[in-house]
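Inspection log for the structure reproduced underneath, given as structure tokens.
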Amino acid sequence: MSKINTPQIEEAIRLLLEAVGEDPNREGLLDTPKRVAKMYEEVFSGLTIDPKEYFETIFHEDHEELVLVKDIPFYSMCEHHLVPFYGKAHVAYIPKGGRVAGLSKLARAIEAVSKRPQLQERITSTVADTMMETLEPHGVMIVVEAEHMCMTMRGVKKPGAKTVTSAVRGVFQTDSDKRAEVFAMIK
Ligand SMILES: Nc1nc2c(ncn2[C@@H]2O[C@H](COP(=O)(O)OP(=O)(O)OP(=O)(O)O)[C@@H](O)[C@H]2O)c(=O)[nH]1
Ligand SMILES: [Zn+2]
């Protein structure tokens, strides 16, 4: 995927400021296009990352029991309104055949997939599917809880409303005890 076009973002922000009736040449706004371009470079940096790369290096450890990294904070941008949604992700999996991932890689996968124009459902399922394909574990279960600024500061205006999504793969689909174990641990 192509790298972010900084001059184009700067021009777009100048146009946007003009379009809302602002003067992009007034002192306080002079550096705003540059700042916004820099910010977008950061918040959309995941567009150039394939999360599969985080699971190319694995460890060999005979642990075929639950692994859960919970309360991973994340920030993303809703693709409908380009305003933030943010919250916590919980990533669980059961390794198979001694294929164990570095724990930080679970958080890195959430981070990379969040840093794009997104839907909460897609963050949840993309990371689950990536882990299933690369680690080939017994199962993956991901729960994401987030507050969407597009439901808080505008539109329906419901601050505090939380959206919870889950993606359940492999053994978690058939074993309700294992699902319950994850839910109990993330409470
Ligand atoms: N499924 C899903 N919807 C989202 C997400 N983020 C924002 N939305 C919703 O996207 C929808 C877009 O609806 P539209 O009717 O096209 O846009 P709108 O007129 O701005 O909608 P309102 O927010 O209801 O004012 C809204 O219902 C948002 O709440 C997300 O991550 N997943
Ligand atoms: Zn939105």
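Cβ coordinates come from backbone N, Cα and C, glycine included.
Look at TrEMBL and you will find 9-186 tagged as domain 'GTP cyclohydrolase I'. Summarising the annotation, TrEMBL assigns Zn(2+) binding site to CYS78, HIS81, CYS150.
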Checklist outcome for this item: Counting every protein chain shown, other Cβ atoms within 10 Å of the Cβ of HIS81 (Zn(2+) binding site) number 16
Checklist outcome for this item: Apart from the site residues CYS78, HIS81, CYS150, the 8 Å Cβ neighbourhood of the Zn(2+) centroid comprises MET77, GLU79, HIS80, LEU82, VAL83, PHE85, HIS148, MET149, MET151, ARG154
Next on the checklist: Let's check the environment of CYS150 (Zn(2+) binding site): how many other CB atoms sit within 10 Å of its CB?
Outcome noted: 16
Item to check | Conformational class of HIS81 (Zn(2+) binding site) under the three-state DSSP mapping | outcome: coil
Checklist entry - Within the chain of CYS78 (Zn(2+) binding site), which residues six or more apart in sequence place their C-beta under 8 angstroms from its C-beta? => result PRO84, PHE85, PRO117, GLN118, LEU119, HIS148, MET149, CYS150
Checklist entry - Averaged over the domain 'GTP cyclohydrolase I' (9-186), what pLDDT does the prediction give? => result 98
